[in-house]
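What TrEMBL records for Y388, 401-405, 441-449, 556-558 is FAD binding site. Summarising the annotation, TrEMBL assigns compositional bias 'Basic and acidic residues' to 670-679. Taken from TrEMBL, the feature compositional bias 'Polar residues' applies to 729-752, 862-875. What TrEMBL records for 99-226 is domain 'Photolyase/cryptochrome alpha/beta'. Here TrEMBL flags 659-778, 832-875 as region 'Disordered'.
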Amino acid sequence: MASSLPAGISSLKLTVKRENGTSGRSRSMANALPRYPYLFFLSSILSSSRLTLPSSYDDFHRCRAGLLGNETQRSDLSFAPRSAHSRQSALLPRSRCFETAATRCQRSSRSNTCPGRAVQARGPEARTQCFGFWKTGGFRARFISESVYDLRSRLREAGSDLLIRFGRPEDVVDNLVGAFKKDGMDVEGVWMQKEMTSQEVQVEGDIKDRLKKHNVPLEFVHAKTLIHPNDLPFEVSETPDVFTPFRKRVEALGPTMVRPCLTPPETFKPFPPSIPSTPDYRLDVSYEVDVDGLLKKAPESVEKGKDQISFHDILQGLLRPLNDTPLSFAMNITEGSSMLQQRHPASAFPLRGGESSALERLDWYFVRGKSADSSRWGKADPPPVARYKQTRNNLIGHAYSTKMSPFLAYGSISPRVIWEALNAHESKFGEDQNTYWVRFELLWRDYFFFAAEKFGNLLYDVGGFERATDPRQAERKIEDGWWKGWDAAKDGPEHVITRLLEGRTGIPFIDANILELRESGFMSNRGRQNVASFLSKDLGYDWRIGAEFFQSHLIDYDPSSNYGNWQYVAGVGNDPRASRQFNCVKQAKDYDSHGEYVKMWIPALRNLPADNVHTPWLIDVEERRRYGLKTTQMDVTMDAYPGRPVIESESWQKHYDRKEGVGSKMHGNPQEKVKDGKVKRYKKLVPPRQNAQWNNGDGRAPQGGYQGNAQSSTMAPNFLPPMYMHNASGASPTGSADHISPSTSTTPSNHAGGSRERNTSGPPRGLRGGIGAGAAIARTGSPGGLGNAYGGASTPPFSGNVRVGSSIRGGQRGFVGGALASATGRTANVHAETGALSKADRESSWRRGAGSTAVNDGAGTEQVSVSMNNLTTSE
Ligand SMILES: Cc1cc2nc3c(=O)[nH]c(=O)nc-3n(C[C@H](O)[C@H](O)[C@H](O)COP(=O)(O)OP(=O)(O)OC[C@H]3O[C@@H](n4cnc5c(N)ncnc54)[C@H](O)[C@@H]3O)c2cc1C
């Protein structure tokens, strides 16, 4: 268990004792825990403190009733681990489920008026406050669910269990405590992690009120932040209005700044023998087969019984409202269920939720990981954190940054555990700007927490924190007309905001980031800054549109980090240079100099030369035709992309002629310095090793601190981005070539090129076989690894092959082998070579609605056929 108890997601602890117990209530949590049986439970599977249930209870119930054959019998609520499934019905009346979005809007202040929401009220749905997005989108729903069930597995391993309830926290706690009392038990107290943002604090207040009637105290633990609030050298209400003074003051605390992690107990007391019935939903998985690779011990031989429920069923129930209804009231796009549950093969966050996954990632990033195959590069190689500062602004692959944010957001890991991992790393490899920078970013996280607590509801206010810090400035920015509005009900699909949120502005760097977010639930920090600046500064729209859209889609959504950062970029928060604006064309050329990132998410642009790929509106009709690029406004398809950008800023023009690679910051930004950061060097870092061989001058070798072993004899000018940390070897540009290349030439030979990437050891990693290349093969032999191939045919008449191989640990674990073929009107073959593809990932699909099916031929080979748009293929 995480060493900063309580681990888990808004977990509550309930300590119970029989009424005739021998001792009074213990004040200290440490004392209270081991004394009597106690119970961990989660009151809501989806972010209880944020009321972000994706569905109304009615919807959920309908789905669940469907799963259970419309059974309405009340639950007998047995809590023995792996208990047989018990049936139940929805007992909460609809009217008591959720405050509607419209009600919340009526309550809000003048500056928080919600355009278009009056007509959009849809009853008890968990929609965002102003613009009606689902509060919790599919990727986060999946991530949180995985986290909860992982927590349960870990508690079971430690001799306890987790009671999972679905409902409003105040109802669930009230019901449970009431039921215990009725059964003759005395409840000593309820513990939960202290939240800081206003809506969550409101929930805490509601729980406290409900507990009062039972005479049961609510106790808090502070485990969210790196710095315990009591250790701050100022009151939270005096948190500096700007980050740097905050950082300097807390850093001055020295070694006492961060408390050490607690050592978690190895075992916990068992669950109470019986748990009384309550009218809430229980979400017990009764079918424990490792369908999703979630459980450690999977009795795979057991067939799923008629009434049994698997994790997959629960997830489907949770996602159903999202799959059935539009993403927002303005957009008619529904998220296809297959997409919602799948990890996108190109996702920068290919990890599953939960503490187990968090610790695995921590170990890889800070301890065990190597930038290249360790057998080749030797043991002295430092793990990826040693290059954090150089890589953190990259855009492709999972390795460019820690990817700790989703785990931090849902309590699966404590920032103090990361802090200690940094200490351990530094004691071996030395301290430098790379390790310091991770600490620096963790302090930003803390800063937004404390700022959110200080400024309360202003976190969600259009005028931002500036209303308190500089009311005169803020006054102008909350006047009508300062921000443009978006009326979700009236504005149609061609409205600039709708186009932005659907990734079809015609500005590739912005669109690629939005598409990445929509299709994977993640976006890099660089992307987030650019999108936020574009929406609020270039377009001048209410920044909360973007903040709510991010809230809905980000796996790592966290209220203070999200709204705090949006305010910062929009110029109404903690940035002393509020007018700062990102130049998205310059940024694209700085950070995606070769255009690989935009080509990855917008395959229509795959044939464009890097010098044009960020400004496709500059090429004429004839050239567009030559590159196979059709014009569209309505959709970004495999071969069509908007002809004109929604706006064109003069400031972009001086960057139009900048050539590929010139001024690139893809390998670190030398201007990025903390001037006063005290960085000592204990030891010289082991220099990064490279072994890149190119047999012609067109390819680029990995540079600047990346470790890669690349060999190519190809004419492919666009090699795999070095941050992919791969080994590849190649032979020729056609047929069986082993290189990774988004083809940039229109000549057939390049399109027919194949690509191959192979990784035989190491941690889970997304491997990309090739994009737009004729064929791709990706393999991973790593236990627990994720082997993803992403490739496809680009131009007729060539075929695209994607082959995915995942080795199998112990012959039975579910390994994710995701395959995605992006062919244009021609054959695409997906060949997944594994004995244990997970069910979800077996169904490879493309965001345009592709579907695929897989059958196992019995010899460890999955034959996967993929159909995309009008394309149907099989191998
Ligand atoms: C408009 C916008 C919205 C954002 N929304 C969120 C959000 O909802 N949740 C969230 O966790 N982060 C948010 N961020 C911050 C940042 O983008 C992510 O924390 C980061 O990209 C996560 O990837 P990582 O864990 O690999 O980060 P790393 O670069 O590895 O950083 C390590 C950790 O430091 C923290 N961190 C890094 N940058 C920031 C930052 N700018 N602000 C606060 N903490 C930071 C995170 O906890 C992160 O896990 C947002 C940034 C912007 C510009």
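Glycine is treated like the rest: Cβ placed from N, Cα and C.
Features as recorded by TrEMBL, highlighted on the structure.
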residue : record           : Cβ neighbours (10 Å)
Y388    : FAD binding site : 23
K403    : FAD binding site : 21
E441    : FAD binding site : 16
W444    : FAD binding site : 17
Y447    : FAD binding site : 24
D556    : FAD binding site : 21
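Taken in sequence order, the binding-site residues Y388, E441, D556 that lie near ligand 1, meaning a CB under 6 Å from one of its atoms, are E441, D556. Annotation note: D556 (FAD binding site) sits in a coil segment as assigned by DSSP. The predicted model assigns the domain 'Photolyase/cryptochrome alpha/beta' (99-226) a mean pLDDT of 74.
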